[in-house]
């Protein structure tokens with residue numbers, strides 16, 4: 001539930017970046033998300049996904065190899081996507097927060 005709640009918050013933040021432009025019926029402009037886990041990482045919604053899948057491992061007792069393999073796939077896949085997203089943000093926005101990491105706070 002913790003991961004799901006944060007993923008919902010992060011998606012709400014991302015959606016709010018476009019909602020104001022859509023209401024004005026103007027073309028969309030890319031913006032930097034702020035708030036919740038976006039203060040620490042560029043892809044906060046992906047970090048929440050990690051938490052959700054890890055919670056699934058905990059709920060199943062951690063004894064099933066399939067759940068660990070699924071978790072590993074999700075972490076690998078989303079880490080690559082988050083790295084590309086982070087690099088894009090840094091190229092696109094000169095004032096992008098320097099302390100913000102791609103997906104794992106204070107690490108990557």
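Every residue, even glycine, has its Cβ placed from backbone N, Cα and C.
Annotated features in TrEMBL:
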type: DOMAIN; residues: 2-108; note: domain '3-oxo-5-alpha-steroid 4-dehydrogenase C-terminal'
type: TRANSMEM; residues: 44-62; note: transmembrane segment
type: TRANSMEM; residues: 68-89; note: transmembrane segment
Same-chain residue ranges lying at least 6 outside the transmembrane segment (44-62) that approach it to Cβ under 8 Å: 1-4, 6-7, 10-11, 13-14, 33, 36-38, 68, 70-71, 74-75, 78-79, 81-82, 103-105
Composition by DSSP (helix, strand, coil) of residues within the domain '3-oxo-5-alpha-steroid 4-dehydrogenase C-terminal' (2-108): 70 helix, 2 strand, 35 coil
